[in-house]
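Novice: Quick one: this structure, given as structure tokens, is what I'll be asking you about.
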Amino acid sequence: MKIHDFKIKKQEQKKISMLTCYDYPSACIVAESNIDCVLVGDSVAMAVHGYPTTIMATIEMMELHTQAVARGLGKQFLITDLPFLGHKSSQGHTVENVKRLLQAGAQAVKIEGADKDTCQTISHLVNAGIPVMGHIGLTPQSIHQLGGYKIQGKNSEQAETLLQQATTLEQAGCFAVVIECVPQDLAKTITDSLVIPTIGIGAGPGTDGQVLVWHDMLGLQTSFNPKFVKKYFRAKDHFIEALNSYVQQVQQMHFPANEHSF
């Protein structure tokens with residue numbers, strides 16, 4: 001998938017599939033699938049490193065995981081999250097952070113929020129030739145300001161703000177916008193108001209595409225079960241079964257067998 005395909009898919013009403021990915025083996029699997037695009041999300045801080053929030057993701061962490069994923073991917077378009085405060089200190093600092101991610105293999109960056117400074121930064125990056133994906137609704141990097149993980153845009157004032165944010169991000173030059181944890185009717189309204197595509201997570205079926213976290217949709221963990229996640233596989237159960245089978249065969253001296261020995 002190329003950058004221009006995002007808008008083409010919206011025009012042709014073809015849904016966009018996006019999935020997070022954090023390491024080389026997983027990227028190699030994704031490369032053989034029909035997934036359109038991959039996000040090296042700052043959710044790696046939680047899903048892989050065990051931190052309680054995405055705030056703990058650093059530019060070094062994002063750079064390392066981007067390098068690993070880029071080495072394994074094939075035709076999929078690769079986007080990397082700019083981590084917490086990665087675009088807040090100065091434009092020069094932001095450009096340097098983005099440069100590191102692009103040199104690591106990202107083809108675009110995703111930036112959370114739509115305040116005036118953020119939109120100016122996005123516009124600056126786009127004018128420099130860097131593709132930027134926006135992100136509105138529940139923005140995990142602002143989780144303390146939002147008062148926790150909860151649905152955004154539930155009243156008319158919040159809904160109008162989100163609609164304006166989406167429009168502002170489009171005007172700033174974003175090629176797509178993620179809408180997270182927003183009522184489906186509002187997400188559909190935002191989607192219909194934009195020329196650029198929307199990618200939803202917890203935003204209903206009316207967006208131009210969907211994104212899920214690798215570990216969530218494959219059932220690699222069972223402690224986090226938000227309503228918007230569908231588990232397409234029960235990987236954790238199968239992994240535990242395989243591990244216990246290995247232990248049993250070692251104890252019973254069924255492994256290694258002759259075919260595993262020299």
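Each Cβ is built from the backbone N, Cα and C atoms, and glycine gets one as well.
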Novice: Per Swiss-Prot, what member of Lys9, Lys10, Lys14, Lys110 joins Asp42, Ser43, Asp81 in binding 3-methyl-2-oxobutanoate at one site?
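Specialist: Candidate listed by Swiss-Prot for the same site: Lys110.
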Novice: For Lys110 (3-methyl-2-oxobutanoate binding site), what is the secondary structure by DSSP, using just helix, strand and coil?
Specialist: strand
Novice: List the other residues in this chain whose Cβ sits within 8 Å of the Cβ centroid of the 3-methyl-2-oxobutanoate site residues Asp42, Ser43, Asp81, Lys110, in sequence order.
Specialist: Thr20, Leu39, Val40, Gly41, Val44, Thr54, Ala57, Met62, Thr80, Leu82, Pro83, Glu112, Pro140
Novice: Could you tell me which of these recorded positions, Asp81, Glu180, has the fewest other Cβ atoms within 10 Å of its Cβ?
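Specialist: Relative to the other recorded positions in Asp81, Glu180, Glu180 has the fewest Cβ atoms within 10 Å.
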